[in-house]
Structure formats: C-alpha cells, structure tokens
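So that you can see what the record holds, here are the features copied from Swiss-Prot:
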- 1-32: signal peptide (SIGNAL)
- 37-257: domain 'Peptidase S1' (DOMAIN)
- Cys58-Cys74: disulfide bond (DISULFID)
- His73: active site, charge relay system (ACT_SITE)
- Asp118: active site, charge relay system (ACT_SITE)
- Cys177-Cys192: disulfide bond (DISULFID)
- Asp202: site 'Required for specificity' (SITE)
- Cys204-Cys233: disulfide bond (DISULFID)
- Ser208: active site, charge relay system (ACT_SITE)
Amino acid sequence: MKHFLRALKRCSVAVATVAIAVVGLQPVTASAAPNPVVGGTRAAQGEFPFMVRLSMGCGGALYAQDIVLTAAHCVSGSGNNTSITATGGVVDLQSSSAVKVRSTKVLQAPGYNGTGKDWALIKLAQPINQPTLKIATTTAYNQGTFTVAGWGANREGGSQQRYLLKANVPFVSDAACRSAYGNELVANEEICAGYPDTGGVDTCQGDSGGPMFRKDNADEWIQVGIVSWGYGCARPGYPGVYTEVSTFASAIASAARTL
C-alpha cells in the first residue's frame, strides 16, 4: 500500500499497497474521492515482465527470479512465511497464463518502525521465469522522469485493478517534497515524484511495494524507488513518496544472500 496517513501508506488491505491514479485535478476532501480515471494507460503484456502482484494487496518486483523486493509496510515481520502468493508473468491477473508461487520466507528491513527503511524481501518456493529488475546502487538515476506501474486503485478510494496500469511521474526535489510533508519526509531514505503543482497522476492504494523505475545509460530498466506513501492519491500539493533504493542497495543485497 501507499501510506495515506503516515500520510497514508498505500495499501489495499490491512498492510499497504498502491495503484496508479490518474484523476481529476480538483482538490479532494477527506470525505470525497476524486473523479474517476481520466488518463493513464494499460501496460502491454511483457512490457514490464519483472512486475509481481502479492496476495496481501501489494506490488513488488523480481529482485531475483525467486526473490521479490517490496515494501516493509506490506509484511508483518521477518521469518518463515508461506501465506503470501506472488503472481507474475501477466498483466491480466485473471489470465490462465499467470504464474502463482507461494512464499517461504520474509525479511523485513532491520529496524523498520513505520518511518523510513520501507523495504522487504520475499523468498519464493520456486522461481518465476521472468526477467528481473536491477536496482540502483548510486543516486545517479534519482532524477528525470520515472515509470510507475501497479494493479492498485485507479482513483482514491477505488477498487483494485485486474489489468496492470502504468504512468510516468517526474522527480520532485527534497525541498519541494518537504514543503508538502514537513518532518514526515525522511529525505536521506526517501525520494519523491509526481505533480505537486497540479496533482492528477500518482500511485494509490494497492500499489505499495511496487517499483518506480527508469532507463539507465545502457537503455535498461533500473529500479530507483519502492512505492511507500503519500497524502491521498494524486492530490495537488502532495507528490508520492518512495523508498530510495540506492540508499539501501547494499543492505538489500546482503539480505538477499541470506534467503
């Protein structure tokens, strides 16, 4: 989920997730959802083969074919865990071609307490035979325009989606993001993206844990963020907040070696 209130984590159920929201540009009150989707596009089959849907209502990406990188707020701790089902290989969650694999272990970021450090790894019982998504190890790619994708809600308060949706969101500076969230932003662990002036494009409930990514210098996808939280979905003045993957790249690699 994406946080709604940390400002909220972007979850679809008890733990968080986020979805692509492309909504009307008017302000939203706590009691009123924005207009239905007015933009955004459905991803093509095979366009983002590393995308994974998790049964608790979050997204994720294949760090390895048998390890999913997601958000810490999507899981309830570390240890053996066979309760999560990962679905991969499709954009249509109802497709007969969907690959469904159970989890065996979960590793939540050490020291996670609800603020910052919002990453986790899920070990799968068997590999999902799809390309993986490499992660950024430096801040060199923490700029420009990013892609986000997910099966989460397409409007604030909306339902989860059958088909994978995608959108582009531009980098938002720490200063601009801090003007929206103040001390809630952990600037050395988080990266912001979106349209703070107008709103209208964002991740939303059900996309939490999914990747924010862009092309690297070799024209290959590289993950720079993990969907974490934001105030509502696509509201003017409030960009999305993502775990800054490069900050935790070494810790993620070390943790993966233990699974």
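Here the Cβ of each residue, glycine as well, is placed from N, Cα and C on the backbone.
Known features from Swiss-Prot, placed on the structure.
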residue	record	Cβ neighbours (10 Å)
Cys58	disulfide bond	37
His73	active site, charge relay system	30
Cys74	disulfide bond	36
Asp118	active site, charge relay system	32
Cys177	disulfide bond	24
Cys192	disulfide bond	27
Asp202	site 'Required for specificity'	30
Cys204	disulfide bond	36
Ser208	active site, charge relay system	38
Cys233	disulfide bond	34
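When the CA atoms are compared, the recorded positions lying within 10 A of Asp202 (site 'Required for specificity') are Cys233, out of the candidates Cys177, Ser208, Cys233. When the alpha carbons of Cys192 (disulfide bond) and His73 (active site, charge relay system) are compared, the span between them is 18 angstrom. Residue pair Cys74 (disulfide bond) / Cys177 (disulfide bond) shows a Cα separation of 23 Å. On the backbone, the CA of Cys58 (disulfide bond) and the CA of Cys233 (disulfide bond) stand 16 Å apart. Listed recorded positions near Asp118 (active site, charge relay system): His73 (candidates His73, Cys177, Cys204; Cα-Cα distance within 10 Å). When Cα-Cα distances from His73 (active site, charge relay system) are compared across the recorded positions Cys177, Ser208, Cys233, the shortest belongs to Ser208. In the three-state DSSP scheme, Cys74 (disulfide bond) falls into the helix class. In the three-state DSSP scheme, Ser208 (active site, charge relay system) is classed as coil.
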